[in-house]
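Scroll down for the structure; my scribbles are underneath it.
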Amino acid sequence: MVSFTLRAIGACLIGLPALITAAPTSHVSNGFHVVEQLNGVPQGWVQEGSPAPSTQMKFKLALVQGKTAEFEQRVMDISNPKHADYGKFMSREELDAFLQPSSQVKDSVFNWLASEGISKRSVKSNTDWLTFTTSIATAEKLFNTRFYTFKNTADGSQIIRTLKYSVAASAAPYVQMVQPTTKFSAPRPELSSVFTSDLEMTSSANVDCNVTITPDCIRELYKMGNTFATKDPRNRLGISGYLEQYARLDDFSTFIDMFVPSLKGTTFDFKSIDGAKNEQNSSLDSVEASLDVDYAIGLSGALSTYYGTAGRGKLIPDLDQPNITENNNEPYIEQLFYLLDLPDSELPAVLSTSYGENEQSVPPTYSSVVCSLFGRLGARGVSVIFSSGDTGVGSACQSNDGKNTTKFNPIFPAACPFVTSVGGTRQINPEVAIHFSSGGFSERFARPWYQELDVRYYLGHELEKGKWDGLYNPHGRGFPDVAAQSYKFATRDHGKTIGVSGTSASAPLFAGVVSILNSIRLAHNKPRMGFLNPWLYTIGRSGFTDIVHGGSDGCTGTDMYSHLPTPYVPGASWNATKGWDPVTGLGTPNFEKLSKLVLI
């Protein structure tokens, strides 16, 4: 497991392992170490039989990192405006060299693989990842397990998986994760919480910003004036596309003509990851993609790229996604491998992603690996921004470990310490927290040093003593970090102007703001901002408007996605309060102030 030994202010190091739930077992038997084991066949699948022993499978093996603490400290130093190394980002080559496992680690794993007939020459090595293809018969001996064919009860599709896998005791200290093994996944329509309604409008003229949000509303509310980013390749704005969502150029062009005519002619590049298509005439829903490009680019004007990633990610079913065909988990690793392999000159400076899922629905090893990879982007100077989610304190409100414990549900990757999580607000004069804005405290990641004082103050002074005890982890990473408008954004999709709500709107909005701030820094010969959070919680905090009205809700007794009965928690909520809170974070951006603070 990746260990987030993030330094607490005035305190000792805080380690991750004690805060991880449902971690892989450490049981050792017959010379093998059990890496991961499921409680049973995931909902939505039935075991059909056994694959032919000669069937070939490709496996990815993540090696344990020997420099985890040193790397995390390096990322924090690079990102801390009070440190001498602030802004001294690592190059691709420096990062690879820093994270390269020792010869002992690789040799031990290579020797184990070779003992089962997998030669070193047949294994592709990429820093701390190994990729190899072998037969089912060999894999079963290698991982001391049995692979089976599982059938999806909804669509009849079949996959080969196991419910438990192990590695030889000699290699166990060096192996973090192997996939595909225990991870079940299948396509389903996107799950992002965007609530749509048709709008009759052709421009921003005479818009009531309390009713409908347009780029002009955002610019006025957040004091952005007419400032845009310059089209600088050092400040590329990246937008993540998953789940067969396609950003349509004709809709985007119309949106710009209607709402930001000064950017007429602005467009974006498309990059395909893992064979993702660029369907410009698809009849499938593309609301999420449209919203993201409309506001990230429409507010910033930055040189932009839409990164489309094919496929689906890994899922442990829970009440929000009880059937594997309802899988919304995104293939983050595929995107991260692609980005981290890019030359420094081609990396985006900002990456906006408006997707997420319950933290517990992602296997612990998977979330740990992915979060660490986001940290690697931060080390290379990328600001990674995620929406906080649209389920308030939680929707399923129940653990999926077989115990069915009533609990609030934090969101991943929003609760990863290496991303900037954006919650939601609505209204103007005053701006208030919106009820669906997800927030809370991670069950897996320790509270990082940069927010220690803020979160500790909230828990000790703003939250009623004993309130929600047992429903959340008071030692976990608190999220969101900041907030922005998230209700009824005018956007274009499939030739119509519609209203869209969700923190899916907050993230690209904030990404657009950060892109302009980067442009200001670059114009003054300063490095771009990179991983934002250490700056946000120190110098940047005075550039945000504290939101003290409104709050989130959740745990209503009915799951908002599956509509299954769930635990009911009367009055479940995080309230917006003075200072940081787990619904709006530090508050909403005041660009006028931020544009000065970034030059300090």
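Keep in mind that glycine also has a Cβ here, set from the backbone N, Cα and C atoms.
Per Swiss-Prot, the features are:
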- E288: active site, charge relay system (ACT_SITE)
- D292: active site, charge relay system (ACT_SITE)
- S504: active site, charge relay system (ACT_SITE)
- D546, I547, G579, D581: Ca(2+) binding site (BINDING)
- 212-600: domain 'Peptidase S53' (DOMAIN)
- N210: N-linked glycosylation site (CARBOHYD)
- N281: N-linked glycosylation site (CARBOHYD)
- N323: N-linked glycosylation site (CARBOHYD)
- N404: N-linked glycosylation site (CARBOHYD)
- 1-22: signal peptide (SIGNAL)
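The recorded positions listed here (N210, N281, D546, I547, G579, D581) include no residue with a Cα within 10 A of the Cα of D292 (active site, charge relay system). Between the CA atoms of S504 (active site, charge relay system) and N281 (N-linked glycosylation site) there is a gap of 23 Å. N281 (N-linked glycosylation site) and I547 (Ca(2+) binding site) are 41 Å apart (CA-CA, integer value). The average pLDDT for the domain 'Peptidase S53' (212-600) in the predicted structure is 92. Here N404 (N-linked glycosylation site) is compared against the recorded positions N210, N281, D546, and the shortest C-alpha distance is to D546. Here the CA atom of D546 (Ca(2+) binding site) lies 19 Å from the CA atom of N210 (N-linked glycosylation site).
Cα-Cα distance from N281 (N-linked glycosylation site) to D546 (Ca(2+) binding site): 43 Å (rounded to the nearest whole number). When the recorded positions D292, D546, D581 are compared by the number of other CB atoms within 10 angstroms of each CB, D546 has the fewest. Compute the center of the Cβ atoms of D546, I547, G579, D581, which mark the site for Ca(2+); besides them, the chain residues with Cβ within 8 Å of that center are V548, A576, T577, K578, W580, T584, G585, L586, G587.
Geometry remark: E288 (active site, charge relay system) versus D546 (Ca(2+) binding site), CA distance 28 Å.
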